[in-house]
Amino acid sequence: MGVVFGLLWLFTGFLQGVHGQGVYAPPTVRIVHSGQACNVEEERYSERVYTIKEGETLELQCLVTGHPRPQIRWTKTAGGASDRESSLHNETLRIQNINRHQGGRYYCKAENGLGSPAIRSIRVDVYYLDDPVITIHQSVGEAKEQFYFERTVFLRCVANSNPPVHYTWRRGREVLSQGSDSGVEIYEPFFTQGETKILKLKNLRPQDYADYTCFSSVRNVCGIEDKSAHFTLSNRTAPPSVKLLLDDPLVVNAGETITLVCVASGGDPHPSLKWMRPDGQQLPRRSVVKGGTLTVPAVAIDDGGVYSCVGSNNVGNPAKKTTTILVRGLRKGRFWITPDPYHNDDNIQIGREVKISCQVEATPPEELQFSWLKNGRPLRSSERMVITHTDTDVSPGTTNLDIIDLKFTDFGTYTCVASLRNGGTPEISIDVNISSTTVPPELTVPRGRSHLIAQEGDTVDLQCLVSGKPKPIILWSRVEESGVAAATATALMPDGSVQTESYDGILRISNVTREMSGTYRCQTSQYNGFNVKPREALIQLVVQFPPAVEPEHTEIRQALGRAFSLTCRLLRAHPARLLRYEWKLGTRLLTVGQFSDQRDDTNYHVRALNREGYGEYTCDITNEAGAGRCTFLVTGKANPPEFYYDTYSALWQSRPRVYGFKLQWTQMEPNAVDRILAYRLGIRQMGQSRWWEQEIPMEGTIQKGELLTYNLTELIKPESYLVRLTPITRYGEGDSTERIITYSAPVNPHLREFQCGFEDEALCLFSQDKNDVFDWTRHSAATRDTKYTPNTGPSSDRTGSKQGFYMYIETSRPRLEDDTARLLSPTFNSKSSSVSNNPTYCFAFYYHMYGKHIGALNVFLRQKGQAVTDTLVWSLTGNQGDRWRQAKVKIHPTTAFQMVIEGVRGSGIEGDIAIDDVAIEEGECKDPPPNNLRSLAPPSSPHIWQHCITLILALIGQQR
């Protein structure tokens with residue numbers, strides 16, 4: 001706007017204190033709705049049902065009370081605890097384009113650390129209606145080749161919906177109903193609970209060959225329109241049949257393009273075709289489907305498997321044909337050597353038997369073929385060299401070469417060659433050397449490496465040395481310690497696997513953690529080595545880590561002169577011996593020491609805190625691996641204020657373009673630090689950068705739970721403001737708290753509650769009766785002139801504030817005895833005009849009737865029906881003492897109404913009558929709270945900020 005806005009804050013701050021917990025209160029919660037609901041119903045046990053159409057926007061708001069301000073969390077449960085969805089920490093739950101799966105019970109939970117959390121729920125029912133589908137079936141016992149010739153036929157209509165769907169059948173233009181045609185039966189199976197509608201045509205007649213329409217309806221709930229499906233039944237109607245134009249199985253080479261063709265061989269209506277794989281597997285990513293043709297370019301081995309073509313036309317059952325694709329290839333070639341099984345010896349010896357085994361996975365397995373070479377020359381089976389193969393049906397395929405009565409001349413390199421019979425894929429060759437140096441493996445751990453100590457975060461190598469020829473693969477695993485060195489391997493490896501392979505015998509663990517401590521096993525694998533009992537060795541890994549301590553960081557607020565203690569606790573450490581501690585304040589050393597075996601904590605005591613004692617205290621607990629640190633920030637800063645959000649009618653309308661706001665707060669743990677001397681109040685209009693600040697001085701000591709109040713006035717309507725409040729002690733500024741004040745229209749006459757404290761000049765829409773003798777006057781005790789009437793009238797408003805406003809009748813001259821002043825409330829609209837269902841309201845107000853000439857105070861209920869009637873509902877006369885009292889009266893209006901407050905002048909000038917804090921609330925009257933309020937008056941001298949604001953307002957006025 002380019003114009004600096006001015007704020008004139010009337011220093012009407014007052015303190016309201018109550019003993020004990022004050023205004024601290026556990027949370028309460030209720031759920032209100034907006035958005036696009038179809039209906040909201042109340043159910044038993046306070047559960048509410050919110051009905052919404054699929055695709056609309058769900059909006060639920062959780063309204064909470066309680067102090068401190070409760071934290072709010074939305075959760076959803078659709079059936080059980082395991083079906084819990086992610087939480088939303090916000091007052092408003094908003095779901096755009098809601099779908100049926102998002103229906104269920106939604107919970108709003110509010111908690112503020114006092115009492116039990118408050119929980120309320122609402123069930124969201126999402127309404128929808130899918131397009132219906134008609135399927136045709138024939139009795140199983142009557143199914144013949146001529147499917148629909150003089151047979152009983154069932155037309156089944158199904159539509160997913162919520163609420164349950166209602167169906168209507170029509171044949172041509174004729175509406176079919178039960179009993180309207182002897183050849184037609186209509187029924188709903190019990191087990192489907194109305195979700196299907198079946199039309200039974202008994203012994204088909206010529207007139208039954210017709211167009212059928214199924215209408216599905218949810219009776220227009222939520223504005224959901226009816227839907228329909230059509231089917232033409234004829235003597236040609238038949239279930240689908242399909243056939244495949246390809247070989248089964250289809251054997252192809254990797255990299256080729258394959259085409260699977262499926263055609264409909266029968267069925268009316270013409271079936272639709274779809275290709276699919278079993279168990280929900282996706283079709284290959286590169287595949288292209290066009291009608292019944294599936295094309296897979298550059299087929300890979302993983303693309304092999306079962307493929308099915310399904311034809312459907314909603315008549316009978318879908319037709320299905322299946323084929324298998326075999327992608328030719330060889331994988332996972334490996335070997336092992338088996339010494340003579342008849343002798344208890346793992347070595348190869350002259351004159352004994354030795355077997356070489358070779359294993360390969362092949363697709364298709366029946367094409368797998370093996371051949372053997374010795375030193376590169378073909379080897380054939382003989383009496384001493386026996387070659388055998390496993391059955392082709394067994395996968396993986398294995399071939400064995402048995403050398404009987406090993407001789408020196410048998411030493412050499414034997415090669416196993418695996419190939420596919422029709423070629424098209426590379427061969428796999430495996431070389432195995434048999435010689436005097438071919439010996440079984442042995443495993444050892446290098447000296448000094450069986451027990452390793454590492455620091456957390458290091459990279460550590462576990463090594464097992466393997467000897468023998470050929471050298472097998474080494475398998476690493478972990479074992480659990482149970483008192484015996486080698487327990488069963490159940491713990492996982494650092495990479496999350498159960499077992500890890502190593503070709504060089506080294507297991508490298510990077511960034512080792514304390515959880516990786518334990519026993520590791522290395523053992524030889526059977527494959528690519530000797531088929532003998534595995535060799536194994538164990539390595540113990542110990543990971544050292546610095547002490548873990550608590551608290552790692554905490555803030556302690558203390559007042560000057562107080563004693564306090566700091567405690568640092570040891571949680572765990574390795575090694576846990578020779579632990580030392582060291583206390584410091586900043587860089588200054590305070591004390592050092594060593595832990596005993598009986599203690600797991602260390603303390604530092606401060607007898608009397610001085611200004612030099614504020615700062616950061618650290619406690620370092622050290623071992624060989626490093627140090628763990630506890631940090632304590634000792635400060636005299638006051639805790640943040642806690643804004644009070646449950647203020648009754650906090651906002652009021654002052655003038656047409658100006659509003660006021662009652663700002664209330666409590667002080668968090670006020671006794672933890674020195675006495676709060678003042679608050680710095682900052683306010684900034686949203687969208688602007690300039691802050692206005694003012695100090696609010698505090699008199700006396702603030703108690704825990706004491707409600708502090710400050711009235712903000714001259715706020716420009718309809719702007720919002722950011723308010724910041726900072727406590728100040730002799731230590732300095734404490735922690736700030738911010739909240740946003742948003743303008744909303746003041747309570748209007750049709751809302752459920754109304755409250756007026758007469759703080760604004762507009763009097764909350766109260767008006768003076770034009771037919772009385774004189775008017776009520778708005779005043780505050782700070783400005784009222786009591787020169788002529790010293791023994792009558794209040795000395796403050798009902799809260800005890802001299803700056804607060806109230807209404808009173810001035811009985812000085814020229815007033816005469818029995819003169820009346822009438823104050824009229826706004827007109828309220830009663831919720832019901834039925835005499836048998838009159839709503840109940842509670843009209844409450846505070847009155848002050850002090851003086852020897854007090855007349856009368858009367859309250860009338862004015863109803864505006866066909867005629868205006870005034871009914872006296874409360875009256876009081878005479879001196880009631882120099883104090884405020886509360887009155888409550890129950891009223892039952894049957895039409896639009898006003899409350900009329902009448903003051904009657906007594907016999908003399910000492911008869912001022914005052915009223916304050918008038919309220920109308922729907923429901924029964926509740927017991928009034930105890931009047932235990934107190935106040936602190938503001939300083940009598942004007943603050944410098946008042947002059948500054950006045951000057952700014954004057955400048956703004958000139959600019960306008």
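Easy rule for this one: first residue shown is 1, then count along the chain.
Placement of Cβ uses the backbone N, Cα and C atoms for every residue, glycine included.
Under the heading domain 'Ig-like', TrEMBL lists 27-125 (among others).
Among the features that TrEMBL reports, domain 'Ig-like' is placed at 132-234 (among others).
Sequence annotations record features per position, and here TrEMBL assigns domain 'Ig-like' to 240-324 (among others).
Here TrEMBL flags 339-435 (among others) as domain 'Ig-like'.
The domain 'Ig-like' annotation in TrEMBL covers 441-540 (among others).
Secondary structure of the domain 'Ig-like' (547-635) per DSSP, as helix, strand and coil residue counts: 3 helix, 58 strand, 28 coil. Here TrEMBL flags 547-635 (among others) as domain 'Ig-like'.
Per DSSP, the secondary structure of the domain 'Fibronectin type-III' (647-747) breaks down as 3 helix, 55 strand, 43 coil. Among the features that TrEMBL reports, domain 'Fibronectin type-III' is placed at 647-747.
Taken from TrEMBL, the feature domain 'MAM' applies to 754-927.
The signal peptide annotation in TrEMBL covers 1-20.
Broken down by DSSP into helix, strand and coil, the domain 'Ig-like' (339-435) contains 6 helix, 49 strand, 42 coil. When averaged over the domain 'MAM' (754-927), pLDDT in the model lands at 85. By the count of Cβ pairs under 8 Å, the stretch nearest in packing to the domain 'Fibronectin type-III' (647-747) among 132-234, 339-435, 547-635, 754-927 is 754-927.
The recorded stretches the domain 'Ig-like' (547-635) and the domain 'Ig-like' (441-540) share 3+ CB pairs below 8 A when only pairs 6 or more apart in sequence are counted, and are therefore in contact.
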